[in-house]
There are 2 protein chains.
Amino acid sequence: MKNAIYAQSGGVTSVINASAYGVIKAALNAEEIDNIYVAINGINGVFNEELADMGKEDPEQIELLKFTPSSAFGSCRRKLKEESEFEEIFRIFDRYNIKYFFYNGGNDSMDTANKIHQYAQKIGYDIKVMGVPKTVDNDLPETDHTPGFGSIAKYLSVAILEGTLDVKSMAADSTKVFILETMGRHAGWVAASTALAKRHESDGPHIILLPEVPFNKEKFFEKVEKTIEKYGYCSIAASEGIKYADGTFVAARGYKDNFGNVQLGGIGSTLANLIRSELGIKTHYAVPDYLQRSGRHISSQVDVNEAIEVGAMAVKYALEGKSGYMVGIERLMNSPYMSTTKLIPLDNVANETKLVPPEFITEDGMFVNEKFIEYALPLIEGEYYPPYLNGIPLYARLKLNRI
Amino acid sequence: MKNAIYAQSGGVTSVINASAYGVIKAALNAEEIDNIYVAINGINGVFNEELADMGKEDPEQIELLKFTPSSAFGSCRRKLKEESEFEEIFRIFDRYNIKYFFYNGGNDSMDTANKIHQYAQKIGYDIKVMGVPKTVDNDLPETDHTPGFGSIAKYLSVAILEGTLDVKSMAADSTKVFILETMGRHAGWVAASTALAKRHESDGPHIILLPEVPFNKEKFFEKVEKTIEKYGYCSIAASEGIKYADGTFVAARGYKDNFGNVQLGGIGSTLANLIRSELGIKTHYAVPDYLQRSGRHISSQVDVNEAIEVGAMAVKYALEGKSGYMVGIERLMNSPYMSTTKLIPLDNVANETKLVPPEFITEDGMFVNEKFIEYALPLIEGEYYPPYLNGIPLYARLKLNRI
């Protein structure tokens, strides 16, 4: 018997189940693989021997995985540290005849996959370990981009477009500033992607605050006021992770209330209160939080297709005998956009963070330039709507009976 | 010459421009109307004589109004109070030969329309004044529902569906509670609508907090803990306007930080901090803010069609000689859903608020029942996607050259 395990780990995306779909379909079709199991809640599902046999799921529900956001199999935040953990994993792998292991996640998850690969080599256990990339943060090195990024970029571009039309409507005698708080604690790719909504100079966003650029309150206020002077309103995308030059988070330092007490909040409420209290301008802010990374109803077609592909290719590479790699994406051309996959050693990926490079950022540090647009625009192309029933998306409902 | 003015007022919706489309198309087609003008920024556009001639717009851009959220012509928050304001309005009406006035808005706007109608009667000015309903709050009396409600209901149902899948993914070893903060300061229709996402008992939302029901912290905590015990996670929709039994806003009373200082915030952050600090459970919250009412990319087809219809019918009724009415919606049947329009005297609408009735609310006060579902479900039916260009919706871009 040669069985495979697939599992999902870390923060979710709207297309991680599309990668699951790619892995599961390819594994079900592979003669070399007898059973494809999914571990429930990431690597914890291995420890707890919570495994579900994908061969026993309703094929229609498997098809719906393409359209279903978040982790259909549960995720985890566990990092492996102890030798005893690896011993335990391989005892269980051996018990279930696991010869293939596919781990779908971001930086931390690639580190886990890498350690499992290295431990297998050390003890001489015959297994192919492949990393399947997933992160809205787009911060994995060596791959052109990560599955999940195109869809959060599309979600947030549409959000800033619609939110800006709203503040534009209200600006004449009410709210004049709209702030969209985006994910991105270290890398600003997600906040930067809102620039894709801008077709004309007056369109939002007018300001993008990236964690890569130290926050300068005076310059920020100046740009807010100039934008309002010019267009009547100002639309801002702010990464949750922006910091002052001294390294403290802007949201952590907060703002003072009427009694002089420091208030803590997210970056959206912090900036809104700064603008209200120091500039006296009525401000609204939105915090999409989970909605931005699970918003499958507005995912990018390019992103969904690539997510499926990296999953399916992980199986193909493993069947060819490869192990210890992540399936990366290589861009072939921009117009028409085309990409292919490539192998990236897990060693090169684990725990590395790719930031937005200076050559993508405008001189004032508060926007991105044409080079970024050229890079990111193809990734939000195409709509790949889920099916609907009674006005609501029809997402997969798996049985996940434990073996 | 017989000219018409159309204007938009109050908070926006994703389909208010669909009503504009209905009015403008019907007026352009009407032989009795020589010119259809739009007043920029609501009634302020009349005072400022900022009028745009819809006959001079690109017809393709007029077609795009069906798909364009927020006020394409700007909105306002102005309430009319002084006799001199009405004198001024009618001087300007007379100057531009205005014989028809269409005002598109919610409670306050219907009050404005009503006062203009009454003043015209008082001074014997021949004009037909019609109110076109618009509010995501669904709180106008006598109409079955309001245009804008179906689309915010669809936006938020999809949001809670996707947000719940996210927290479900993370719950095993991280976040266990997700809170969606919704609009609705007085009426809970918007928060209630998230119930439409629930297909199975384990689906979110598990708790809906309405402003109609006094907030009881102990009962709320109990339900949160029971839900987590049963499903592993808990998903909550909370109306921004919920109050304690003594009438104070829950968000206004806030929560205490580690230093014992009272913190103020939105209802999402307030509840999240209560749950974190008093139950010790990791909690996420989303604040869609403007995104929920301007989210045209996920509008309901029923809602868009009805929004167009009330606009077009306002013109038809005015041409028939009616004045001093709002165009209401009458439900004919639920399955298949069918509706028609009816006339509601502005006197009956102005400044009245329709709350969620007790017969729609469950006994524990923290959810809605089948009667509500039966009422609201048809209103989110159908997807009416906007056209896209380069991955982003293509919304109207009007010239709005002043006459």
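Cβ from N, Cα, C; glycine included.
Predicted automatically and left uncurated, TrEMBL annotations should be read as such.
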A:Glu85, A:Glu87, A:Glu88, A:Glu240: which one does TrEMBL list with A:Thr135, A:Val136, A:Asp137, A:Met183, A:Gly184, A:Arg185, A:Tyr290, A:Leu291, A:Gln292, A:Arg293 for the substrate site? A:Glu240
Determine, using Cα-Cα distances only, which of these binding-site residues is closest to A:Asp108 (site 'Important for catalytic activity and substrate specificity'): A:Gly11, A:Asp137, A:Gly184, A:Glu240. A:Gly11
Could you tally the C-beta atoms, other than its own, that fall within 10 angstroms of the C-beta of A:Lys134 (site 'Important for catalytic activity')? 34
Near chain B - the recorded positions A:Asp108, A:Lys134, A:Arg293, filtered by Cβ distance under 8 Å: A:Arg293
Check the Cα-Cα distances from A:Lys134 (site 'Important for catalytic activity') to the binding-site residues A:Gly11, A:Glu240, A:Leu291, A:Arg293 and tell me which is shortest. A:Gly11
A:Thr135 (substrate binding site) has how many other Cβ neighbours within 10 Å of its own Cβ? 28
Looking only at C-alpha atoms, tell me how far A:Arg293 (substrate binding site) is from A:Gly11 (diphosphate binding site), rounded to the nearest Å. 9
Pick the one among the recorded positions A:Asp108, A:Asp137, A:Glu240 whose Cβ has the fewest other Cβ atoms within 10 Å in this structure. A:Asp108
Between all pairs in A:Thr135, A:Val136, A:Asp137, A:Met183, A:Gly184, A:Arg185, A:Glu240, A:Tyr290, A:Leu291, A:Gln292, A:Arg293 (listed as substrate binders), what's the biggest Cα distance, rounded to the nearest Å? 17
